[in-house]
């Protein structure tokens with residue numbers, strides 16, 4: 001009887017950056033530039049890897065997959081955010097909100113898994129260089145990517161289906177620029193204890209286990225590097241991990257910021273800033289970090305850009 005008296009809502013309002021009315025044009029230009037930079041950067045990475053047979057190795061296979069994910073992750077939020085800023089409308093339908101939440105979680109999970117897989121790849125390359133080709137077989141590489149895709153597909157599906165059992169009443173204001181599960185749950189007038197438990201248990205497990213694996217991989221890498229007698233040799237070996245390590249620090253730093261700040265209503269701006277880092281900034285930074293620090297990739301990119309100049313003439 002109580003549920004019949006409740007009013008169901010058909011849409012949510014994404015407040016996003018509406019609290020900064022004077023900076024709307026600047027925000028639009030900033031996020032558009034970031035989105036396009038990440039879009040073209042990751043596309044060039046994919047073109048460079050696919051066109052150069054020397055880059056058809058496990059490391060670049062994982063990097064190409066990461067570029068695909070980094071194309072999709074910001075695409076699940078930024079276009080809608082740009083439309084809201086440009087049109088000054090913040091509404092998103094209830095089904096649209098669940099769809100956005102699903103894809104955000106899926107690609108964020110996949111980003112996390114790929115960073116873990118790439119850490120394992122670097123561990124094998126540095127700690128077992130002579131056995132690298134026999135360990136990192138094509139079958140293993142496909143499994144290391146295919147397995148995470150299955151988990152990344154099923155995990156957000158579980159949370160999305162659990163969201164459909166909830167009832168939303170009059171409060172439909174989301175203090176965020178996208179439909180984040182942590183922002184949606186407090187709006188429900190149903191019992192969300194099971195949903196919150198799943199977020200803490202499943203999402204926590206999905207991020208804690210990979211982070212432990214990454215720490216274990218780098219502990220073994222550091223141990224192996226310290227056994228190298230020359231400082232130059234140590235730097236040369238460890239420099240192969242520099243790009244990946246930078247992304248790991250940036251990604252997990254932002255994720256920690258999201259889940260540490262989401263417990264407090266007064267930390268909405270910090271939560272938004274942390275989300276922007278791992279959903280917008282990291283996908284933009286990824287291709288530039290790898291291309292600037294990798295001579296093989298830089299060479300392939302120069303060929304791609306050289307060919308594009310020839311065709312433009």
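Backbone N, Cα and C define each Cβ position, glycine as well.
Keep in mind that TrEMBL annotations are predicted by a computer and have not been checked by a curator.
The shown structure was predicted, so the numbers you read here are calculated from the model rather than taken from an experiment.
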Given ranges 3-25, 26-48, the stretch to which TrEMBL attaches the annotation transmembrane segment: 26-48
Candidate ranges 99-120, 237-260, 272-292 - greatest C-beta contact count to the transmembrane segment (197-225) (under 8 angstroms): 99-120
Range from 26-48, 60-79, 99-120 with the greatest count of C-beta pairs under 8 A to the transmembrane segment (237-260): 99-120
